[in-house]
Amino acid sequence: MGEQYLRARVSPEFRGPRQRPAPGPAGTLLLGLGERVPRGMFVAAHRGGTMAAPSARCLWRALAPRCGWVLPGLEQRLAVPAVVSPVTSRPYAAAAAKTAKKDAKSSRHEKVKEKVREKPLPRRRPLMSKPVDDVYLTWLYRRPSYGLEQAVAMLKRFQELDFTHPKQFVYINVFLDMALQKKKKVEPFSSGVSLPHRFTDEVNKVLVFTENEQEAEVAREHGAAIVGGVELIKWILEDEIQADFYVAVPAIIPKLIPLRNKLKKKYPSTRKNSLGSDIPKMVQFFRECHQYSVEGESVIKTRIARLDMPSEHIIANLKTIIHDICTFKPSNVDPIVQRLVIRSSTSEGLQLNLDGILPQVEKVEEKEEEKAGDEDQQKPAQESVST
């Protein structure tokens, strides 16, 4: 009792989890669970104990003649076939699955594109030119365009029918084409223009940069709100001083470089007529000028007059602003003004016909070119006659 029969085992590397190898010299046969001893030979050992040396020697003598029978079988049973682990092959499988997904996705996109191409576009009903009845659906007809005199008269008539304020402002919305040649475009700009007929008593706030006491005194006499030199830079950067327009003399302009990023479009420059030596003229112009700027990328919204002004004054102010806008794009390309809408504070917008409103620069250039061509044709004729 208390004994356990153990089966002989040859390889020490193939041990079960519950086996405890028997100590012995190197090369001796070890015992453990899992291998069968030749028929009729069993060895007894105490549980948890060790085998005695005599017993081990006797067992070795008994098994030595049959080592050729025991060991080959054990080697065959202990041989493990070489199997590729799924872990090592996983990256290759993942890459293959990824490419397969991409191919399927691209094929799906191509099918969707083909369906979209094959799908016929909805046929849009052509817009009609002029409505017959007084009540009609506006989206079925083209937007009518009016002449400038007719549109101003309609605005005045709307005011009478609606009983609105007669001194309301008149506005224009100018839609611009900012594209130039070779994928370039006109940058958004702002400008001031002196209108022939003023429609408000508001006066712009003008700041004059100068270090000359006599020039400063002249600027104050002509209505400059703020006059000073380099000491104003700190206050402007800290937003303590603000003005509608900034004017400077050439002598002080190198010292105003810190204000370039702050003032941006309002920075004094000769192109905007805000840099020069004629202080009285500059101050008077900027105090009374009308300012406008491009909103977004290609729209100008500004007021031009009051509705109670004579129609001629309204038309003159509108043409002055449009002509100033056209100066920001070269005349050898398409005109910058693409569409023009006029309205009052309480009325709907009326689209204007641009004929007679835009400057006639292009036609003059065409006539000059035609004249030059005619002269070139006449010269060889005269030379042939002289010969």
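Glycine too: its Cβ is placed from the backbone N, Cα and C atoms.
TrEMBL: automatically predicted annotations, no manual curation.
What TrEMBL records for 100-118 (among others) is compositional bias 'Basic and acidic residues'.
The compositional bias 'Basic and acidic residues' feature in TrEMBL is assigned to 362-378 (among others).
According to TrEMBL, the region 'Disordered' annotation covers 1-26 (among others).
The region 'Disordered' annotation in TrEMBL covers 99-118 (among others). Among residues of the same chain six or more beyond the region 'Disordered' (99-118), none has a C-beta under 8 A of the stretch's C-beta atoms.
TrEMBL lists 361-387 (among others) with the feature region 'Disordered'.
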Q.
DSSP on the region 'Disordered' (99-118): how many residues come out helix, how many strand, how many coil?
A. 20 helix, 0 strand, 0 coil
